[in-house]
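Look at TrEMBL and you will find 228-241 tagged as compositional bias 'Pro residues'. The compositional bias 'Low complexity' annotation in TrEMBL covers 262-275, 283-292. The compositional bias 'Polar residues' annotation in TrEMBL covers 293-311. Marked as compositional bias 'Basic residues' by TrEMBL: 381-391. According to TrEMBL, the domain 'WWE' annotation covers 14-94, 95-171. Taken from TrEMBL, the feature domain 'RING-type' applies to 413-474. According to TrEMBL, the region 'Disordered' annotation covers 220-248, 262-315, 363-393.
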Amino acid sequence: MSRPGQGVMMPVTGLGFPPQNVARVVVWEWLNEHSRWRPYTATVCHHIENVLKEDARGSVVLGQVDAQLVPYIIDLQSMHQFRQDTGTMRPVRRNFYDPSSAPGKGIVWEWENDGGAWTAYDMDICITIQNAYEKQHPWLDLSSLGFCYLIYFNSMSQMNRQTRRRRRLRRRLDLAYPLTVGSIPKSQSWPVGASSGQPCSCQQCLLVNSTRAASNAILASQRRKAPPAAPPLPLPPPGGPPGSLVVRPSATFAGTALWATPATATGPTEPAQSPGAPPRSPSAPSGAPTPGQNNLNRPGPQRGTSVSTRASIPPGVPALPVKNLNGTGPVHPALAGMTGILLCAAGLPVCLTRAPKPILHPPPVSKSDVKPVPGVPGMCRKTKKKHLKKSKNPEDVVRRYMQKVKNPPDEDCTICMERLVTASGYEGVLRHKGVRPELVGRLGRCGHMCHLLCLVAMYSNGNKDGSLQCPTCKAIYGEKTGTQPPGKMEFHLIPHSLPGFADTQTIRIVYDIPTGIQGPEHPNPGKKFTARGFPRHCYLPNNEKGRKVLRLLITAWERRLIFTIGTSNTTGESDTVVWNEIHHKTEFGSNLTGHGYPDANYLDNVLAELTAQGVSEAAAKA
């Protein structure tokens, strides 16, 4: 199936414009932490376009049209989205698509996440799905777009080709995205109303003027060299965090202020949840370590003239974490926008503090302080190259767990999507002696029915390890094994406590997998695979439930289920070692990335994930 053309970017002073007299659908998109462009909703895009027509250098307050986006503003001059409560900056772009495509018709394709909420696909994926749907294709392979998923329109489901996990999807009619023809005229200077000398009273101008006032106060405090007769800046009470800077609102408005030249930020951004992003569990892992967050970039000679490095935050003054915002001036417009949105417009002081850094590792531990985990034998497990079991005939495995059904019901087979009363969709594609295309079987424990030939095809496309997984409910028959490459797993106690477990020592797990060559069970046999970020350190509390999780993780490691070889969600790199749907905590002393503690539900969640992989105490006793 041919892939439809993506949107075309034609930047002009930061904004894209379509060719003259050519109608295009406008979709505004933001760049998430996985380098994927995520579309705003049609309602938000209409709002951005309306503001753009009035002032192409202004700011867009997204909370005016979507209550879930209250913390976010877009600076049209620098083409960045800012989150005021965390200081996160993300690039945005104005993209164009054909009016006959999905966004032009108001069609949105969404998938159901683990929390039961619906998440929109990226716009290029949405257009591809809609094109296949309009052509009445029964299914669609998304591998050409870099995703290992199959879309089945008959059952309206999405299936992971590697894990066979299915999710529901839906097609929803929404407001059509805005339509534009030709280019937009150049707008007046920013902010609106500045030339008149009197500040406008609308919410947009109040925002702009208050953010400019906050920027002036910061610039003045940094550029001022205190003369002998000048009174010193008031210092907060001593004893607080170093590097804090108190900024109070200024009465200066448009036309009389110093203003930093906007520049694109190049520093790292935190993986905070952004509008439109799929909701993420607190225990969701990352495929690579999160980059550290930098501090506010202030010139050295001016640091002593602003405030004392030992100053503290006055009582009642909220603190605002600030990253290193690279630009031509000491203050980026994003900083002024954040402070203004937060409190300056309300006439309250704001305290800019150094952005917190995630605590990924515990303090150094000597070898004498490292102890075995009680109740868990040994301190290390190694895995070698996978040895395929040649005695597992696909037909024999399927018949072991299936019972023939003489009179099948008139419903779909969840593998080939054909009716059970008809022949399997694999008829003529796959031939096995004794397995006729019309035979239907029922799985013993869960009772779900499929064509026998379909189950033989599914098993032949997997690890061929003697286990079978129900394509409907994911129940596992036999002992499931994975495709994890060879490596080493170490586990031991360290004399430090995790947040939320003050009176408990910590179990540290260290995974180490070297680079190597893919085997016959991997996506590209004979090709080299990479192993980024190893050794990887993970942490559990040393309590009863934590030790239970450790024992099951050891079992999962021995069955090669912890890692697999695929495409990294974080970097987009293919043929690399990635996590395999069993979440780990990789942040020791904080939870800034979402991969740390405290997380009251993590241990229960990971036990459920292990059970879904067929690893549980009940299964071990069975």
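Each Cβ is built from the backbone N, Cα and C atoms, and glycine gets one as well.
Mean pLDDT across the domain 'WWE' (95-171) comes to 91 in this model.
Residue counts for the domain 'WWE' (95-171) under DSSP, helix first, then strand, then coil, are 19 helix, 29 strand, 29 coil.
Using DSSP to sort the residues of the domain 'RING-type' (413-474) gives these counts of helix, strand and coil: 9 helix, 12 strand, 41 coil.
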